[in-house]
Amino acid sequence: MILILLLFQLANSEWAGYFHLNASQTKYNVTLVSHPRFFKHSSEVCYMTYNQTCNQKDSFFIFDIDFPIDTAKNISITQNATAVILILNGTTLWQSNIPAFAMSPGDGSSFLKELSSTNSTLSTIDYFYIYHCEEYWPLISTSILFVVIWLGIISMWCYNNHYANADHAQLFHKSSSVVILFKVLTTVAWFFETRNCPPTLLGNEVIGLLKKQTRSLYETSFFFLLILLSKGWSVSRNSISRKEMNYQLMYLVLIYIMDSAANIIGPVMNTIALMMYLSLFIHISLYCCSTIKSLFIQAEVINEARVLHLLPIVAKKKRIFYSFTVLCFFYFFGEFSIHILLSDSILDIDITWQMKYAMWNLAHEFMEVFIIGGILYLYRARNMGRFFSLDLLDSEEVQQLRIIPFYEANTEKSSEETGLIIFLQPESTLLVGKEIKMSKAIIETESIELQEI
């Protein structure tokens, strides 16, 4: 996002300043027509005409209104001008790494008269950025809009977890609030940034640090949530091994470092940001494939064991996880499209950079609202059924599970038809279940440790 903001500012930046002879107090307005590099603000000035050379090194070259732009550019490059002042009646395109300023014909005529009447040619350029705070209204409006939207989302999420479905809310639901909280703080920092115009030094430092840190924390927590859910959390598993946890924690720290570097340092870290997104896409894709395979095996095992009343639960888990996988795909596709394709398209529109940045933010924020809102809706706390939270099989070792043939008994003394089902689990334990075929099927289970012989 920092790179996008920089591109929009550079594409529509408006710099202005004053040009004057050091021996005079008269200042002449100039406007920057090319992006500045570092150059001396004080130097000798040379009024350039055809076939004229400037004896002073690193001088300011002044070209009159009738001087061809291409010729002026070639002379400036050949004679190593430190900056160029073009007396223009309108605007021009200056494609050179030498900074160029435009001066109106009236000011140019007055300056040349003053230059011809003095022996001192030492001059100074003071330039600054024109902020046009009155044009920040698109950014302010969009920031307020998304502060309200995200506050509404976190309010509904907390209400559902703590009141409406408090009995069904798990630790996962409550801890997920951190992601939305950091997102709210990011949008609030964005709002204060748009209101800080013209920017003050203290305001820039405090608000800039707040925005960068909250965005890094938000993106890190959101990426960790994607990884956790892609591994099947709350769908095919409710626990994680120590080895997995150690790996995920190290990967989480690495993501935070890369994301912080990209947000704080800026465009220099574009390669690292790209590597981070590529790594996340690979991890989440592999985890999603593994979880989908696990859900299919769970359905096969349950079908073979004839525990048919659990099949609707597995079908519901499949629907939830398939929807999550599609949302993950749209998230990465949306990030690529908005950062690459949409940015180039918006840059070509002839509007202010504030409007361009507001349009870009509008698209990006609505994409995040759709993706995060969709994920939260899928995994919201609610009554999912009696056996939904039952850890049926270990998703990592599901292929190793074997079913011991079950025993059925039907005695004359009992009107109930029962079945005994035994699962041999990878942890060397038996999961024993008794199915009673009545008007409602009931499963009673107990875990028995196997003794080594």
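Glycine is treated like the rest: Cβ placed from N, Cα and C.
Please treat TrEMBL annotations as automatic predictions, because they have not gone through curation.
According to TrEMBL, the feature signal peptide maps to 1-16.
Sequence-distant contacts of the transmembrane segment (136-159) (same chain, at least 6 residues past either end, Cβ-Cβ under 8 Å): 176-177, 180-181, 183-184, 187-188, 190-191, 193-195, 197, 354-355, 357-359, 361-362, 365, 369, 372-373, 376, 380. According to TrEMBL, the feature transmembrane segment maps to 136-159 (among others).
Taken from TrEMBL, the feature transmembrane segment applies to 171-192 (among others). Sequence-remote contacts of a segment are chain residues at least 6 beyond its ends whose Cβ falls under 8 Å from one of its Cβ atoms, and for the transmembrane segment (171-192) they are 140, 143-144, 146-147, 150-151, 153-154, 157-158, 161, 207, 210-211, 214-215, 217-218, 221-222, 225, 233-234, 361, 365, 368, 372, 376, 379-381.
Annotation source TrEMBL lists transmembrane segment at 217-235 (among others).
Annotation comment: TrEMBL describes 247-266 (among others) as transmembrane segment.
Residues annotated as transmembrane segment in TrEMBL: 272-299 (among others).
Here the transmembrane segment (320-342) has long-range neighbours at 4, 226, 229-230, 232, 235-236, 277, 280-281, 284, 288, 291-292, 295, 360, 363-364, 367, 370-371, 374-375, 378-379, meaning same-chain residues at least 6 beyond its ends whose C-beta is under 8 angstroms from one of its own. Summarising the annotation, TrEMBL assigns transmembrane segment to 320-342 (among others).
The transmembrane segment feature in TrEMBL is assigned to 362-379 (among others). Long-range Cβ contacts of the transmembrane segment (362-379) within its own chain (Cβ-Cβ under 8 Å, at least 6 residues beyond either end) map to 1, 142, 146, 149-150, 153, 157, 172-173, 176, 179-180, 183, 187, 222, 225, 229, 234, 320, 323-324, 327, 330-331, 334-335, 338, 342.
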